[in-house]
Amino acid sequence: MKVARFQKIPNVENETMIPVLTSKRASELAVSEVAGLLQADLQNGLNKSEVSHRRAFHGWNEFDISEDEPLWKKYISQFKNPLIMLLLASAVISVLMRQFDDAVSITVAILIVVTVAFVQEYRSEKSLEELSKLVPPECHCVREGKLEHTLARDLVPGDTVCLSVGDRVPADLRLFEAVDLSIDESSLTGETTPCSKVTAPQPAATNGDLASRSNIAFMGTLVRCGKAKGIVIGTGENSEFGEVFKMMQAEEAPKTPLQKSMDLLGKQLSFYSFGIIGIIMLVGWLLGKDILEMFTISVSLAVAAIPEGLPIVVTVTLALGVMRMVKKRAIVKKLPIVETLGCCNVICSDKTGTLTKNEMTVTHILTSDGLHAEVTGVGYNQFGEVIVDGDVVHGFYNPAVSRIVEAGCVCNDAVIRNNTLMGKPTEGALIALAMKMGLDGLQQDYIRKAEYPFSSEQKWMAVKCVHRTQQDRPEICFMKGAYEQVIKYCTTYNSKGQTLALTQQQRDLYQQEKAQMGSAGLRVLALASGPDLGQLTLLGLVGIIDPPRTGVKEAVTTLIASGVSIKMITGDSQETAIAIASRLGLYSKTSQSVSGEEVDTMEVQHLSQIVPKVAVFYRASPRHKMKIIKSLQKNGSVVAMTGDGVNDAVALKAADIGVAMGQTGTDVCKEAADMILVDDDFQTIMSAIEEGKGIYNNIKNFVRFQLSTSIAALTLISLATLMNFPNPLNAMQILWINIIMDGPPAQSLGVEPVDKDVIRKPPRNWKDSILTKNLILKILVSSIIIVCGTLFVFWRELRDNVITPRDTTMTFTCFVFFDMFNALSSRSQTKSVFEIGLCSNKMFCYAVLGSIMGQLLVIYFPPLQKVFQTESLSILDLLFLLGLTSSVCIVSEIIKKVERSREKTQKNTTSTPSSFLEV
């Protein structure tokens, strides 16, 4: 006899050995062997002393969450951002150079950014403690011969646990008693159909398939039907549920594309800043200037070139995106996640509960005499109709249909109360059908005399009943189950009220109809009735399906059209998976489907080569999903994973963005996810992708504005310094320009409304820097116009070679007006300001008006004139400056027009793009 594999832990006090059995091994052993190995008493349970001893070694039946780091450490960790570190260095240098105004402004900017990021992370990132919510707070346990209520966390290996309908299994159990037990394991395995449980030893499948362990009740699963007793074999992290937990802890979440872009931008800015320092120092040294003086000037210029407002605008832009997503019933747990969806090009979606409702529904009826009926409505309720040849059938109006409904209703243990199912989903679908026909009261009209419960071996259920008002008549037998099994007990079939002999021709006809319904993704049940099991009359077939969610097909179509590939990953059969995928538009003639077993045999390298053409993965487990996602990421794809069950949790965390269902999603799933869809609406993902693309565009708009302004200011001061010109701007004027650069006008660019055309554009490549060649060109063009225009005004005013307050006021105001027009043209990289609407962004309008009012106060308000060393300008001066500075906006509009014309020409000349599956 094989020796059980288990871990032996010595008990110090009584020198006994406490074993730890895996569910795979326990399922192969007889109950007596398991009890012997666990030193357990199945009937009387453990005594309290033994429970204490075992808990000392096994711990509590809960998950070991590592202690969270202190808040101060979390706060300090925010400073590790490259841009923040660069700003800190700038602030320190400013203090050393006694430029306290810059030092204060930079320090305040740092504190704002860090605090906002810290608060957001603190509120949104919960620890994995939410996992414990899946474990019920109480359970029924036998100890010292008594049945008692105890906390689930108190259980230890060897405890005897009692289960009944509605209970959530508190630990992994080896069942030793089971009466018509059916457990919903969809949250763990992805299988929609509840698993029938037995007590006999079951050889475990070689691939470790949990569904093959039919004598094991797994932690976190739900008892749908029957009752049972089991012995605890695994608690906490030693359970199968705990394995998922450990996989989650081991998986590190990848950096988001925005984080990568910001890191790259920080490095680029550092490189450019130090490059400027080196060049200015070298040129100054060659010109014979004092090296220390040149170093001071160079560092000042480098500090001025760093856009310290960038982290603030990025944070604010993302936060506003999160707020907009909340209004659309989506909770984003981390700020950069919304933007990540903007470059997502693959969505891996679980079928059950995500693309479908996880509510079995009858959609088609075939009577034994060939009559077809369509059933409308979805879910466990009375809303819907049964339609035959265009007419609505109700009650006993159509006997052929009514008899099928009657059999399905009477041969049934499920109950629907307040639209909530208590029982098996398949039986719930039949009760809902009866409710639509007004026949659900038939269950109470019959008295059940005998019952033949459903089992996975026989694949049918039957009952013997008598009508309450006709108890003196012979018993009637009703049967439902798989067609291949039910037909064996049938000798006749119903044809327009007459009972006719069941011929081979009729059997072949029913077989064809059954196959046709199955190919459409329907689960087919046959129903029959008669005086005895061997003398049944076939009544007909019903087709049941887990229907797609409302609006999913439309969302899928839009996403595919925008260049996003969608792959369905499910534990269902190939036939069902392909049928659902076809209905949703995910599966075409050129698509491929791959099983979980095939995924097992492939290396990630091989899988990454075929995965672009695969639309459906069936019979997939959590480890398969992980492998699929890794293969997609190996191809450079940005992967989003949607799901609602425990089986999705690891993949949700491994994906670039995990999306959980809020209503049907398990707590472990929600904690692993980056975004939660409150209403389980798949369409919200499309809105999130649109939001993500819009957010990235807004960030690019801000970067364009701020860098062009920074470069212009840097170039202006550098030229004046190198050419021994008087400084065209004084310190306070430069500070005011910096406030405008990083203040309301700049930040209002981050709240620009999302362009409705953005969803039609393909996902961007996450490898691309935020500073693309096109953006750099636009930045340089704007900078050159600003520098040339400002120098022209300075040269025009400085004809006597004596600098006066008027000279600096004209130059200063010219630069500020250039800033305002530059901000206006930066609102969109592709559309004209008139096309997007001058007042479509009210915050921008208020910010620009406020800045102009502030500039006028600086020019005309005497106290501020002294501070900024300015003087009043005439109306002609202002009109001249407005005309000159508007050139930066006019040139930008011309560039946009040229780009749109070129893009339109390219679209007309290029061929049709390849299939969306070629990701």
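Every residue, even glycine, has its Cβ placed from backbone N, Cα and C.
Swiss-Prot lists Asp350 with the feature active site, 4-aspartylphosphate intermediate, giving similarity to another entry as the kind of evidence.
Classification of Asp644 (Mg(2+) binding site) by DSSP places it in coil, neither helical nor stranded. Marked as Mg(2+) binding site by Swiss-Prot: Asp644, Asp648.
Here Swiss-Prot flags 1-78 (among others) as topological domain 'Cytoplasmic'.
Residues annotated as topological domain 'Extracellular' in Swiss-Prot: 96-99 (among others). Taking the topological domain 'Extracellular' (96-99) as a whole, pLDDT averages 72 in the prediction.
As annotated by Swiss-Prot, topological domain 'Cytoplasmic' applies to 122-263 (among others).
Annotation comment: Swiss-Prot describes 284-295 (among others) as topological domain 'Extracellular'.
Per Swiss-Prot, topological domain 'Cytoplasmic' is recorded for 318-700 (among others), and the stated evidence type is sequence analysis.
Under the heading topological domain 'Extracellular', Swiss-Prot lists 724-728 (among others). Outside the topological domain 'Extracellular' (724-728) by six or more residues, the chain places 716-717, 790-791, 794, 798, 803, 807-808, 811 with a CB less than 8 A from a CB of the stretch.
Look at Swiss-Prot and you will find 753-776 (among others) tagged as topological domain 'Cytoplasmic', backed by sequence analysis. Long-range contacts of the topological domain 'Cytoplasmic' (753-776) within its own chain (CB-CB distance under 8 A, at least 6 residues past either end) are made by residues 257, 260-262, 264-265, 268, 342-345, 558, 561-564, 636, 638, 686, 689-691, 693-697, 699-700, 703-704, 707, 828-831, 836, 840-841.
Non-local neighbours of the topological domain 'Extracellular' (796-802) in the same chain are 726, 810-811; each lies 6+ residues outside the stretch with a CB under 8 Å from one of its CB atoms. The topological domain 'Extracellular' feature in Swiss-Prot is assigned to 796-802 (among others); the stated evidence is sequence analysis.
Per Swiss-Prot, topological domain 'Cytoplasmic' is recorded for 829-843 (among others). Within its own chain, the topological domain 'Cytoplasmic' (829-843) has Cβ neighbours under 8 Å at 697, 700-701, 704, 744, 748, 751-753, 755, 774-775, 778, 889, 893, 896-897, 899-900, counting only residues six or more beyond its boundaries.
The topological domain 'Extracellular' feature in Swiss-Prot is assigned to 864-876 (among others).
What Swiss-Prot records for 894-919 (among others) is topological domain 'Cytoplasmic', and it gives sequence analysis as the kind of evidence.
Among the features that Swiss-Prot reports, transmembrane segment is placed at 79-95 (among others).
Positions annotated as transmembrane segment by Swiss-Prot: 100-121 (among others).
According to Swiss-Prot, the transmembrane segment annotation covers 264-283 (among others).
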Long-range neighbours of the transmembrane segment (844-863), counting only residues six or more past its ends (CB under 8 A): 736, 740, 743-745, 747-749, 751-752, 809, 813, 816-817, 819-820, 823-824, 827, 838, 870-873
DSSP residue counts for the topological domain 'Extracellular' (796-802), split into helix, strand and coil: 2 helix, 0 strand, 5 coil
The transmembrane segment (877-893) vs the transmembrane segment (701-723): 3 or more CB pairs under 8 Å: no
Structural state census, the topological domain 'Extracellular' (724-728) (DSSP three-state): 0 helix, 0 strand, 5 coil
For Asp350 (active site, 4-aspartylphosphate intermediate), the three-state class that DSSP assigns: strand
Composition by DSSP (helix, strand, coil) of residues within the topological domain 'Cytoplasmic' (829-843): 6 helix, 0 strand, 9 coil
Non-local residues, at least 6 beyond the ends, that sit with Cβ under 8 Å of the transmembrane segment (803-828): 697, 701-702, 704-705, 708-709, 712-713, 716, 726, 728-730, 733, 736-737, 740-741, 745-746, 749, 752, 755, 782, 785-786, 789-790, 793-794, 796-797, 835-836, 841, 844, 848, 851-852, 855, 859, 868-871, 873, 877-878, 881-882, 884-889, 892-893, 896
Residue counts (helix, strand, coil, in that order) that DSSP gives for the topological domain 'Cytoplasmic' (753-776): 9 helix, 0 strand, 15 coil
